[in-house]
């Protein structure tokens, strides 16, 4: 270990504490890269010419997902994809990851993300999401990695006072999961203020759905899905009898809640745009961007779009509203369009088409075991 956070390359050149490579060809560490959004982003990084290292502990993912990424990417691109088994909660694991090679930037997906689980197990969420991220950042600073794209969430808007949600809106959190994201946004602002060389982009996702057009990678939740589209998908393939619709008395066009659904491929492209912004903007500081379509879709509109895409009727069961659910949440996308040059390309029909393609090819996700929940 040399002073200033650099490490010595095999040829003796000091690396890791300067600018490093910029843009395509740069080395990117992706935490949680075997997950739903992670796999789609890793694939796009490879297609854009980046060298990618994934660190994952497979808590909510499987090795097969990365095998599928390699299959889609092909041998030439996959030669630039490495994997290191590791857990962000372990400082030793983070040391191992950063001692292995130099990274020009980090995209940080790893973390727990189920709202209900976070309410039941808040300690687990703080240990994984907050403490794990602090371990990651400590390793980054030790080894001179100064750029990070952080996976935040629209949950930081809490119950929005108005829609669309604008990046400078009042922030709040309604559950431990959302609180961990809010805590980490503040953490990154503060550590960046203390180290002006750090470049941080916070990406606030809305509701990612869909899958890669190949149908070879997609969302594969363990147990009962927490999100709407995976649940609809499981009803469509016969794994669940019906879809519970929570509330049909909202003041919306059909009585069901409105959300901003975004295609996971658009979301992956948003990460590429954010990464390129970090490389191009030395004085960026710490900046937040929404990633959504800017359009709200009701629950019943999603059901109808999926029925049309799949040709399957989705039985529904009307249930009371869930406490804390918002009537309407969707993004303002002006800032991302203006500053990142990014906007969503796919509509709800595209999202449902690609989700169904994934479901048809993989009715039980990455597992061939039809006995799984």
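Cβ atoms are placed via backbone N, Cα and C, with glycine included.
Residues or ranges marked as NAD(+) binding site in Swiss-Prot (evidence: similarity to another entry): 27-58. Counted within 10 Å of its Cβ, the other Cβ atoms near residue 47 (NAD(+) binding site) come to 14, all protein chains included. Mapped onto three states, the DSSP output places residue 47 (NAD(+) binding site) in helix.
Look at residue 153 (substrate binding site): DSSP puts it in a strand. The annotation substrate binding site is assigned in Swiss-Prot to 153 on the grounds of similarity to another entry.
Look at Swiss-Prot and you will find 177 tagged as active site, proton acceptor. In the structure as shown, the Cβ atom of residue 177 (active site, proton acceptor) sits within 10 Å of 23 other Cβ atoms.
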Any idea what the Cα distance is from residue 39 (NAD(+) binding site) over to residue 153 (substrate binding site), rounded to a whole Å?
18
Whole-number Å distance between the CA of residue 35 (NAD(+) binding site) and the CA of residue 177 (active site, proton acceptor)?
17
Using a 10 Å radius around each Cβ and all protein chains in view, which of these binding-site residues has the most neighbours: 27, 39?
39
Please determine which of the binding-site residues listed here (31, 51, 55) has the lowest count of neighbouring CB atoms within 10 Å.
51
Same chain only, sequence gap of 6 or more: which residues have a CB within under 8 Å of the CB of residue 153 (substrate binding site)?
113, 177, 178, 181, 204, 205
